[in-house]
Amino acid sequence: MDFFHYKNDKLYAEDCAITSLAEEFGTPLYVYSKATLERHWHAFDNAFGDYPHLICFAVKSNSNIAVLQTMARLGSGFDIVSQGELERVLTAGGEPGKVVFSGVAKTVDEIARALEVGIRCFNVESIAELHRINEVAGKLGKIAPISLRVNPDVDAHTHPYISTGLKENKFGVSVDQAREVYRLAVKLPHIAITGMDCHIGSQLTELQPFLDTADRLLVLIEQLKQDGISLKHLDLGGGLGVTYSDETAPHPTDYAKALLEKLQAYNFEIILEPGRAISANSGVLVTKVEYIKTNEARNFAIVDAGMNDMIRPALYQAYMNIIEVDRTLPREKAVYDVVGPICETSDFLGKKRELAIAAGDYLVQRSAGAYGASMSSNYNSRPRTAEVMVDGDKAFLIRRRESYENLWQLENLLP
Ligand SMILES: Cc1ncc(COP(=O)(O)O)c(C=O)c1O
Ligand SMILES: N[C@@H](CCCC[NH3+])C(=O)O
């Protein structure tokens, strides 16, 4: 069941008509469905049944505090990559004891804050970081729980910009060095080894790379046993893909089943860090057609949302569906490039889309709940969009539209 659906040819988010939301809150507008967020989180959580596990929502995919609050109320953990994300989780009511901290450049201040609030563990990405965490923990009189992010050198078969598990990527410690690093970690006085993690990439549409990764990590885990190092958890990161057009991504149940077949014999808690699979299809970007422009080569639908609001097509040539909001309007179909207001040729939401539209109509870009608002910017001095969370027939403004004053509120004129 899709909570974004047509009723009498008019698009709804749950029981709220998108046209009404656009008129009430203006466009561009991010609209999230609370029921979809919850259903997707439960799909992961239920997939593991009674097997010990923790689903840590990847905050980077959608960091609005109401989205995080929705996750926290379900009992979710969180995967963070900065102190900013940590503070958001805490503000949203998330439990610090369910936070895992990834990221290659953790600063001294970030480490100290994470130790102060008592996060679940640091996903350590280098030897230098391990030493830094040990030092900071020592100064604070704490023991830092750590997991080593192992880079398994597995090809995730995804876009090169969102592939993270190859040796040439900056992430983690290579699988060949990891044993040495664990042997070092075990000797450090302010470090407690709790687990192992990895994250090989995003928008994976096959299970095999995850399973190959698990195999490589299990070999390493056996070697660590010989060294007397035992782990409490195994964190396989995020990365499960979603359907943007016609790709089929594995269901969390199939993923969990395949993992459990491998891991049943071990006594680990399993941690996953899904972002996109929970948030992408829980949200849409609503935009208004400002102008239709036609030349010999193209029809352009010029809309009020740009690459500053949704950068995925510009950055990864990502395909995202674009659909009409009101199909009862009498319109001729034509093929359009749907482009934004930004002064960049890469500013498009979609190319060669068949749409029945006229100026003034609303369009929706689907699957925009992940890496949409969280990657938005003020480029071209465009105030960031509002965000709305729909719950049944109620709509809550969870981020107000920025004002023009907001654009320069942190800037100063010279004396
Ligand atoms: C360490 C880590 N965990 C989790 C995620 C979430 O990934 P996804 O949104 O593909 O599930 C990412 C982003 O790719 C990441 O870098
Ligand atoms: N931002 C990317 C995903 C990268 C995730 C970060 N490791 C996307 O929109 O597809």
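Cβ atoms here come from the backbone N, Cα and C positions, even for glycine.
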According to TrEMBL, R312, Y316, E344, Y371 bind substrate; so which of R183, R216, R276 is the extra one listed there?
R276
Annotated companion of E273, P274, G275, R276, Y371 at the pyridoxal 5'-phosphate site, TrEMBL, chosen from G228, G239, G306, G340:
G239
If you compare CA-to-CA distances from Y316 (substrate binding site) to each of the recorded positions K60, G239, P274, G275, Y371, which comes out shortest?
Y371
Most crowded position, judged by CB atoms within 10 A, among K60, R276, R312 as recorded positions:
R276
Listed in sequence order, residues with CB under 8 A of G239 (pyridoxal 5'-phosphate binding site) and six or more positions away:
A156, T158, H199, I200, G201, S202, Q203, L204, F210, P274
Of the recorded positions listed here (K60, R312, E344), which is spatially closest to E273 (pyridoxal 5'-phosphate binding site) when Cα positions are compared?
K60
Checking your reading of the structure: which of the binding-site residues G275, R276, R312, E344, Y371 lie inside a 10 Å Cα sphere centred on K60 (N6-(pyridoxal phosphate)lysine)?
G275, R276, Y371
